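Step one of this worksheet: look at the structure below.
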Amino acid sequence: MEASPLKGKEQEQEENDDGEWNGGRDVAVEEADTFDIPPKGASIERLRRWRQAVLVLNASRRFRYTLDLKQEEEKERIRRKIRAHAQVIRAAFLFKEAGERHISKTELPAVLPRGFGIGDEQLTSMTRDHNYSALQDYGGVKGVANLLKTNIDKGITGDDADLVSRRNAFGSNTYPHKKGKSFWVFLWEACQDLTLIILMVAAALSLALGIKTEGIKEGWYDGGSIAFAVFLVIVVTATSDYKQSLQFKHLNEEKQNIHVEVIRSGKRLSVSIFDLVVGDAVPLKIGDQVPADGLLISGQSLAIDESSMTGESKIVHKDQKSPFLMSGCKVADGYGTMLVTAVGMNTEWGLLMATISEDNGEETPLQVRLNGVATMIGMVGLAVAGAVLVVLMARYFTGKTTNADGTVQYIKGQTSVKSAIDGVIKIFTVAVTIVVVAVPEGLPLAVTLTLAYSMRKMMADKALVRRLSACETMGSATTICSDKTGTLTLNQMTVVEAYVGEKDVAGASNADSLSGTVNSLLVEGIAQNSTGSVYEPENGGAIEITGSPTEKAILGWGVELKMRFDEVRSKSSIIHASPFNSEKKCGGVAVRMGDSDVRVHWKGAAEIILDLCTSWIDASGAKHDMAPHVVKFKKQIEDMAAKSLRCVALAYKPLDLKEVPNEEERDNWPLPENDLILLAIVGMKDPCRPGVKDAVLLCTNAGVKVRMVTGDNLQTAKAIALECGILSENERADDFIIEGKVFRALTDEQKEQAAEKIKVMARSSPNDKLQLVKALKKRGHVVAVTGDGTNDAPALHEADIGLAMGIQGTEVAKESSDIIILDDNFASVVKVVRWGRSVYANIQKFIQFQLTVNVAALIINVVAAISSGNVPLNAVQLLWVNLIMDTLGALALATEPPTDSLMKRTPVGRREPLITNIMWRNLVIQALFQVAVLLTLNFNGRSLLQLNNYPMTKANKIKNTFIFNTFVLCQVFNEFNARKPDELNIFDGVTKNHLFMGIIGITVVLQAIIIEFLGKFTSTTRLSWQLWLVSIGIGFVSWPLAFLGKFIPVPETPLVDLICKCCPKRRKAGGKSAEGGATSDLV
């Protein structure tokens, strides 16, 4: 028997643990930047390093969506415990069984479930303990099926009453999920921000002092307003985080909702794994997940990978002597049908899943890079806040700080202790608030916000994201290695040409031209050598065919040949099988008719089967030698392939029963594949998907090269590639098209050179796909790969982005993937690229907006503090600015939908700085404008605003209110600029983003309410309509300023490279520093 395809995957995984399988991604950890992790397979040590280096004010919130390293260790401990528990039970049972000479008949319970002959506990115990003796006592698999009222051929009846009674008797195939965090937990986590705690303490002290000195009526405003502002920040933050968690919970439920095939009333149906019931008959094939505990009814070469339950990388072969199947395991090879005997919490898998909570934790490279950026900015902010604190304290206690009316705030020996403490608290509050604004705590969380939004929207675009990092990595993809069948084509195959000898027998009208012998051989080979099925309703309704598209097409042709599926299969029995896999590209069965006749039927790629044939039969049944006619048959195959038809051949070989090994030796019997007799060559048409040519062109224009990797022959692959636009008419040269066997014969260096040019790889094996991916990655490409088979798992895992097919994909392929394409459509893959670029672009928009606010707010307060001892923006005002900047800003900018312009850019480089030269230009222009205007107003505001006639206290209050109002309105106008950092029209598509418009509207309305009605809380005063107009006018200037600024050219070389050219020594030293990665991200 052939080696299991999962064996290769295990070996690859072991290599990966040594750091070689992933192309050395995680090698030389010490040399890597602290805030730089690979998109896949980061070591625990690297994940721990960036956590230790990051500056965090609220760890519970910042690390909420990262991998919980302690929890991962706890999960593994629980897994080992449950596995050990199950193995101990089995070992004890086997020991007991061996010690008993006479085993009494297994007794059925006194009270049985209504309508069934066996109880829930007996089934669970037998299956969990793998109790073969009890199974025999119940009459074997057939006996258990009878007790469960299941027909092993037709399954259960499956009507509503039957399903309800089975769920009541044996439970449902679900397990209790741990409750997600409630809103109150998120509220509590938001309260744990260190700066907010300090502000609350300061607010409490200010409140106490204010009430004591001024009385409760007037004295509570200062402290109360800070407390209210902090509470508002906490509530908005918690609400935003809670909504994100609900989105992730919904996506997790989608990921767990696997669809499985069941046989009910003789018909194959696709149902949710949660709808499975005890007694169901479930067909299994290579790559499937075993959906519940059960018994093997029948199977051929069935091998199960039980590593997910036992912890051992061992493939277990299943047959009638070892029929027990465990939920959660994978089918490594072969096929079969199982009887479900235990579901949900009655299975070890259910217990395991209920014990281990589903964790959303997974840091992405962008998230970690932003933590580095936040740390660098935070350090600057802490330094500035410290400087402001020292300067203000020094000025206060040296008597250089004055009140609004011009009186000195502190006079040594005259100012009371209460007043001094109150003054110190106010200074300290301002310094802490500067830290709140300066440390962009929401910056890394903006990634999570945009990813959660993107993932939800991508579901509507038929893409289910399994790994968060895939969203952002897809924006950097430079090449897509796509399957042909079902991805570029419709996956709706039909037989359009079929030849027996030289005679075209496609279509029902030509079926009668075949002799009875040939027809009998054909329908036998079609019916028995198939994993599909044909359902013929008893009432004479339409025939339903199930199986893979290829199987359905050939079975459909069999129906045209007047094949009665069930009748043909009942006339002979399969004694051994060699299941089809993508390495061999063929599959066969040995069937026995009567007592002595055995025939081996093979089906597979036409040229491969043809090479195995030494003779052929014509439509009349006459047998001919192959040698003189082999060229003719090859021409037949080439002609069909040139029409973009998939060519499959059917052949057989008669055997004597004496040539067949006995049942014990049959498991390792290689089916004879020499001296075959060619029966037929079939050509199947699978049309290109509508719109696939446009999708390929869109990728090409976006700098993403599409390559087709297919198992079809060279001519078919070439024809489809031309039709899809992957190849153009002038690209038919051998440089662009290669066969798998030619590629695998190249040296590693030759593979790299060839990979760069290859557009089509035909007759490829999964290992060829893996080698192509590795070669492309060595050339510096960011590779996305589509795959559907079990053997595609290594390539999907190795690729930067693995895309599994949702319809045709096996569970093994899906588990190895990062994103599941739900409709198997290449156009959906292109949409994922679009969303990937959108994630990156949205984060950049938010960074530009937030840093502008950071820079402006810090410079204004520092300069004002040092020069005059007073700051124009107080604690409450800064908290409101922080809310606009952090949570509301992230909501508005991080949820921008993707635009067509994204696909006109080249892919984002892996090491491209987060802040581009264009962003630096925009940021500097806006920050300088805001700082210049607001500092001018701070120092000359009274005369500029014509406030000299007002008392000094009133004039200063109006001036500071005007500065605050203008500053906020500048951010509102600048939010529009941030939407389009590199486009002149910043309003394009703005009305379609309802969330953005809503947040802008809410911000403006709340700002008006704060100025006009909440003066006592925010230390502001009402402004005249003229001053409102001036504020709006100043904010409006940022639009034409941004427009003109975009005409200023910027160098293409990133700022960090320009700096490094000037300071080469600094570059060498800086590369090894802990903040090296963060610095390069900044510039």
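Positions of Cβ are set from backbone N, Cα and C atoms, glycine also.
The feature domain 'Cation-transporting P-type ATPase N-terminal' is assigned by TrEMBL to 137-211. Over the domain 'Cation-transporting P-type ATPase N-terminal' (137-211) the predicted model carries a mean pLDDT of 83.
Residues or ranges marked as region 'Disordered' by TrEMBL: 1-33.
Here TrEMBL flags 183-211 (among others) as transmembrane segment.
Per TrEMBL, transmembrane segment is recorded for 223-242 (among others).
According to TrEMBL, the feature transmembrane segment maps to 373-397 (among others).
A Cβ distance under 8 Å defines the sequence-distant neighbours of the transmembrane segment (427-453), meaning residues of its chain 6+ beyond its ends; these are 55-58, 61-62, 64-65, 193, 195-196, 198-199, 202-203, 206, 226, 240-241, 244, 247-248, 364, 366-368, 370-371, 373-374, 377-378, 380-382, 384-386, 388-389, 392-393, 396, 468, 471-472, 839, 842-843, 846-847, 850-851, 853-854, 857-858, 861, 865, 871, 874-875, 878-879, 881-882, 885-887, 889-891, 894-895. The transmembrane segment feature in TrEMBL is assigned to 427-453 (among others).
According to TrEMBL, the feature transmembrane segment maps to 846-866 (among others). Packing against the transmembrane segment (846-866) from elsewhere in the chain are residues 370, 373, 377, 380-381, 384, 387-388, 391-392, 430, 434, 437-438, 440, 442-443, 446, 450, 872-873, 878, 881, 884-886, 889-890, 893-894, 914-915, 919, 922-923, 926-927, 930-931, 934-935, 938, 967, 970-971, 974-975, 978, 981: each is 6 or more residues past its ends and has a CB under 8 Å from a CB in it.
Sequence-remote contacts of a segment are chain residues at least 6 beyond its ends whose Cβ falls under 8 Å from one of its Cβ atoms, and for the transmembrane segment (878-897) they are 199, 226, 229-230, 232-233, 236-237, 240, 430, 433-434, 436-437, 440-442, 445-446, 449-450, 453, 457, 838, 841-843, 845-846, 849-850, 853-854, 857, 861, 967-968, 971-972, 975, 978-979, 989, 992-993, 995-996, 999-1000, 1002-1003, 1010, 1018. Per TrEMBL, transmembrane segment is recorded for 878-897 (among others).
Annotation comment: TrEMBL describes 918-939 (among others) as transmembrane segment.
According to TrEMBL, the feature transmembrane segment maps to 995-1015 (among others).
What TrEMBL lists as transmembrane segment is 1027-1048 (among others).
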Legend entry - Intrachain neighbours beyond the transmembrane segment (918-939), with Cβ under 8 angstroms and 6 or more residues off its ends: 844, 847-848, 851-852, 855-856, 859-860, 863-864, 867-868, 872, 945, 959, 962-963, 966-967, 970, 974, 977, 981-982, 1034, 1037-1038, 1041-1042, 1045-1046, 1048, 1050, 1055, 1083
Legend entry - Beyond the flanks of the transmembrane segment (1027-1048) by 6 or more, those residues with Cβ under 8 Å of it: 921-922, 925-926, 929-930, 933, 945, 958, 962, 965-966, 969-970, 972-974, 976-977, 982-984, 986
Inset, instruction - For the domain 'Cation-transporting P-type ATPase N-terminal' (137-211), give the DSSP counts of helix residues, strand residues and coil residues. - result: 46 helix, 3 strand, 26 coil
